[in-house]
């Protein structure tokens, strides 16, 4: 799980240097307050409340309770008196059972705990958990016993007073005779008597130094057994519930309980046919739900469950022992087999190297090399030391170490505490979907229940006054509740989502959470990752830009034609992390492209892959032609072969990698360093760096190229032993700058069209990437995320240093700007590959320009910023976050946590956010977004509700289209089911006035054949295939359009039914219904029943027609053949019943058909008038007048849930913000004396609004001159260098003592 800030460092600090006017500040603070109310991080800690995981993402309240015998007895007595109804209520709300039988007490004495999880301050989840006391003796009596093996039982014999071993903090395991603990969401929380609180039982991943991990020598069988009692078995066990359990859980669902109540009521009222039909449908639904649940549980279990055997080292004997992987506990030292394995725990590598396939986590099948954990007193951090951790679920392909020495790793996490375990927990306990439609639907059902209550009371009073028997009053009054709140409503609501899910699956988009399909219909903002999402996964080699005599040479595109003696080429073929696995070159795609462009060959010794660790030259590179020779010192010709002696792997924090090499026959070693230009320049000798470095680098990065820098140095007077021990800092210093490596990352073919489609639909697009600023900015312009001519404002955050407060400054990004003639400041280079964007702005101070120039000209601009600026703004300038988020378009160098924070800030402003990404670094944002769409099929994609088989963004409009169609379908079905209920309610209430009712067959025909058929086919109308319209569907049921629509349609229904009821009584042949007359057949046939049944039956069809809308969100109903056939058939059959039904139908329906055909035609004419009025209301008044003309006329943006509208309005009015900074002052921080020149894109730049028509901006031409040759620094036959004065620097080769 990603780490979270310390809870005591969450306060915001304002800064007097932030130049925001008062009005802007006040409004943003108001919005910030609202954002904090919708808090998307851990809620603030409150005094007097106990917490578990305080300050972390899964922070939860915990309250202690102790059982009271008297309260328990009273509660069970009440349960008996209510016939179990009270226990059923407690099943739905288990915390109420706790309140009724327990009393609150301190956690120290509690036997049960109530865990309260507050998600985004909107959803509360309650977990009632028992506090267990676990000891060795009581292990077999606990709910989660540990299975002992025979060897363990033998070791335990004769041992008295066995203590359990747990790690809570400090790297020291406590030995305790017993543990008080509870289990919640598959994690264990242990009572710490010293601190007086429950702490999460952690492995060796917290509060421990790397040196303490190296001191782990393994566990004895006894130690392992005692730890396993506390930690449990090392397995990710997804429980499969039995048929009986699932049956009870399903039947006790409120929906089925209500259906059971309805069935009993109908059975008592002799509505046998309909009751049996509903019973059959319910049984079918329950069986299908149980089968689907068990299938999902089995699929998940089969996906995550694995078992194997592993070799561990026993700490007491030093011998190796083979045990099942389920027996592993934190502190075990395991032997990683040389032939590879699948990891069943998280372990820190102590010795040797491992080549790992982490596609389960990252979605990238490129193997990565894991190196041993540093042995120092540095605190262990699973993020910083990720390159030394073997994660659960990943596959070890090979291990390498000295000869037959074993590769060792110490287990740090097991079971659900592992990274894979956290992924599975995210599936088993998904966060609640916060969607207004679902909240409103519950409110609407409550409103229907209120209407039913009114009808219930009215019926009871009127029938009692007419002297009806109590039993009849009870049955008929309760029957109204089943009419107004239809039992089939929940099932009907899922229809649209299921059809949309199937349609998405047919288009290679798979959804594991159908509830989120409706949410995707409201998306108005999409965040995209860059690499692998908008652009191709791999990089292509564009060329190199060598440096000679402090001047850039003509770019070279045909790298394979370069002189083999050139240092630049040697650096390209050696400075990488490639290796040969199964006779195939493997490694980072960037390194692969770079190496393949040279045409050189990479060879490894013809020995077992596992024995390459201790070879002097484990990897050798040589030119393709065997005739190439190198003249050695002794004038003996030998083939040109270069061995890679030592490698310092790439580090994201260091932004570089380096290697030490030696050429066959040479007398000294060389070091090559490759990384971000900013970092390499800071490590290079100033006299080797070209003066125009800033402008050249900026030109390439602004065109979207990914740029790396290369440098080298000689290592004179150093032995092989010292090479293996020399510190990385000594090697990577005083380098000679060689030049730039230019890679290009092409847009995917679908990107431009999809971005344009989203823009045309007024769906905001944002790029959030871990790549550098200028490359991201160029890609954003190329794909249309930043429209042509739009002004770009760079937000620059400056950290506090030397007593200076932090600053947040703004500058206009320039797309075509020569370097300024002013003095250069420290390190302000344009951002490039592998560099922290605008990192060196920390070392410069920018002063605001004059008032006139500070004002931004025009209100159409967007912000771009880096993760560092984002962090500074959130910490020191929280009042600016709403403005930055509302206008932010490109967010570069964003960490996974920052991506998630951005999504949550957008949600706090009222956006419905979709996130589209392809890697594990997007997991947090994918999970936090309303709609997460993963382009990777790795197991890490389980955090995302949607997964696309096609690795491009064409899935985004598909998901939005289907979401809109499903949302409109859900609205239509809900309105239809509500209108049907109210229509039938009106019919029954009118008939109740004469003590009449619909017959059993009439109910059956309406509910089963009309309503169910329409509900089934309603959602089969496919999504509209035309362009996405700008206006998304209405999101709230409790809004003007749906409420007014229902009320007006209901008014027409009442008017038409009352007209038919009144009209039939005015005819000369009318015979009033006499409820007191005793009929031999107990028939309730009468003319009033006929009039209301014939009209209302047609009204259900009319409502289905007008609520089933087509464009612009769905296709026309004429494309839905099932719905169309049902419409025609049911209309024809209903007209047949109303006009001239056969005698057997009259008998079955108990219809008393009027003797005059004219009256029957009048009923049909009333239905026709109803149709015209319903269409006029729905399509003209609601869709045209209300939704289009009046929807925004009375819209108050200041009170809107869409807070970003108020921010946008404020930004448009305030033309003096943000204040633009222009001038550059010299560095004042105590940094190294020499700094590379600063970038004009960062500091001294002009506004992007150049003097061009329509605000067009000219970009540098991508047409370049390049050469097939290169003459730069070359090596001579003696191994020295000819570099025109750039001599080999002295290097500090002092080696610390190695223990």
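Any Cβ shown, glycine's included, is placed from N, Cα and C.
Any TrEMBL annotation is an automated prediction that lacks curation.
Looking at 1120-1139, 1200-1219, 1220-1239, 1240-1259, the range tied to transmembrane segment in TrEMBL is 1120-1139.
It is 967-991, from the ranges 917-941, 942-966, 967-991, that TrEMBL records as transmembrane segment.
With respect to Cβ pairs under 8 Å, the transmembrane segment (1003-1019) is most closely packed against 1120-1139, considering the stretches 69-90, 246-268, 274-291, 444-461, 1120-1139. As a whole-number mean, the pLDDT of the domain 'P-type ATPase A' (307-427) in this prediction is 86.
The largest share of C-beta pairs under 8 angstroms with the transmembrane segment (1040-1064) comes from 1159-1182, of the ranges 69-90, 246-268, 967-991, 1159-1182. For the domain 'P-type ATPase A' (307-427), the number of residues in each DSSP class (helix H, G, I; strand E, B; coil) is 22 helix, 44 strand, 55 coil. Residues 437, 441, 444, 448, 451-452, 455, 458-459, 479-480, 483-486, 488-489, 492-493, 495-497, 499-500, 518, 521-522, 997-998, 1006, 1011, 1014-1015, 1018-1019, 1021, 1033-1035, 1037, 1042, 1045-1046, 1049-1050, 1053-1054, 1057-1058, 1061, 1088-1089, 1092-1093, 1096, 1099-1100, 1103-1104, 1107-1109, 1113-1114 of the same chain lie 6+ residues outside the transmembrane segment (967-991) yet bring a C-beta within less than 8 angstroms of a C-beta in it.
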